[in-house]
Amino acid sequence: MEKKKKPELSRRDFGKLIIGGGAAATIAPFGVPGANAAEKEKNAAEIRQQFAMTAGSPIIVNDKLERYAEVRTAFTHPTSFFKPNYKGEVKPWFLSAYDEKVRQIENGENGPKMKAKNVGEARAGRALEAAGWTLDINYGNIYPNRFFMLWSGETMTNTQLWAPVGLDRRPPDTTDPVELTNYVKFAARMAGADLVGVARLNRNWVYSEAVTIPADVPYEQSLHKEIEKPIVFKDVPLPIETDDELIIPNTCENVIVAGIAMNREMMQTAPNSMACATTAFCYSRMCMFDMWLCQFIRYMGYYAIPSCNGVGQSVAFAVEAGLGQASRMGACITPEFGPNVRLTKVFTNMPLVPDKPIDFGVTEFCETCKKCARECPSKAITEGPRTFEGRSIHNQSGKLQWQNDYNKCLGYWPESGGYCGVCVAVCPFTKGNIWIHDGVEWLIDNTRFLDPLMLGMDDALGYGAKRNITEVWDGKINTYGLDADHFRDTVSFRKDRVKKS
């Protein structure tokens, strides 16, 4: 697929970049005092325009592609759902992980064989993690059209939300895609999105079947009561659920994808409790985001389907919405945060202007880097090339991607007492958009033999090394754990929110 021409960089310019004048600019963003904040802000604003691709999906598929059933994920499939705990007792994987968390607290550990300052610190990390999950668990991230992840706003009464009576039933007053895109992206930022993009709904990435529970089963009684329910598209006016199906209207044409950033320092302690905590808080933020944005869209006269982790494949939607590119580890790597984001999406019939996918060299870089595969504790990440053939039931064949062993990945979670995250922590792009400055993107995309040099510099400077939890607790923390320069790097004005194709 054709993409926008990259800036030219001569051999002489490259020499200056590495050994001369440009070197200071290159190294400065790694933490040297005096880094040019104005230039950094300018570059961040230009990233997506600079790396925009032509219209269409950058995801390569063949005729073997079929919609993927959610039950095939390692989290839910019978072949991977049960894992032994540290005593050898076989349980659902998350219960075995809970046992390990308790063992670590009692032994004064922040993670697997990682001593805490004291038992109090060990407990504090797990307490923060457990608190972080509160909204996610209670608002029903796991199951579609359950609890507060409803496909309609019927149970969210006007009394509860202080909305003018009938606002959600009033026909749309605005149908202009440009105006509506501006409104919805503003609302998305207000609802907590650190990144937001729009894509045309590609049904290939919607699950063929969802994993859910019967509507009359309380969440606390849902264990072992999950059922599979097909997701189908039909000529219906609104999203509905029957006894047999979850039905998305054929008029559902757009998906809004949001990235919710995690705290970098906390994630870089992985696989420790603090990495689990920033993950947990992001999942709860995802739930709140979906609830708020869906209600805004409904009050504008359109329908909206929340999803968080469910309904479809978040990474594929994020790639097509221009948030980033798919990576070797399987996550979406964004220019601003690397893979250190969680993704959620909202499906709607609201007319919107789609964003263009971007290409800033992630595929070429991942082909050579392999740092996530090298550091993966379970060796679940492949060091081989991308293929169309899945390696197990958990992979989707027919899509060109790195095919990883997600059963191995999940198997390490009970051992570590958490959700690992080592691949995200060690990824060079997790440091943020410094890898997009001063010609580095040109080197990655055009000079593949230099990729090992970039990785070597990354290792030599100590990036990707595990952070100490005590230092993180004693360090500075901003609201929601966001980095100090967070909003400068993600600011979006109207002219940036709406780009006509």
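Each position is counted from 1, following the chain as shown.
Glycine too: its Cβ is placed from the backbone N, Cα and C atoms.
Swiss-Prot lists Cys409, Cys420, Cys423 as binding [4Fe-4S] cluster 2, and of Cys369, Cys376 the one it places in that same site is Cys376. Record check, Swiss-Prot: [4Fe-4S] cluster 1 site residues include Cys366, Cys369, Cys372, and the candidate from Cys308, Cys427 also listed there is Cys427. DSSP gives Gly310 (corrinoid binding site) a coil state; it is part of no helix or strand. Classification of Val341 (corrinoid binding site) by DSSP places it within a strand.
Around the Cβ of Cys376 ([4Fe-4S] cluster 2 binding site), the same chain contributes Cys409, Val422, Cys423, each under 8 angstroms and 6 or more positions distant in sequence.
Between the C-alpha atoms of His394 (corrinoid binding site) and Cys420 ([4Fe-4S] cluster 2 binding site), the distance comes to 18 Å.
When DSSP labels each residue, the domain '4Fe-4S ferredoxin-type 1' (356-386) comes out as 13 helix, 1 strand, 17 coil, counted as helix, strand and coil in that order. It is Cys372 that, of the binding-site residues Val341, Cys372, has its Cβ surrounded by the most other Cβ atoms within 10 Å. The closest partner of Cys366 ([4Fe-4S] cluster 1 binding site) among the binding-site residues, by CA position, is Gly330; the full candidate set was Ala74, Gly310, Gly330, Ser397, Leu400.
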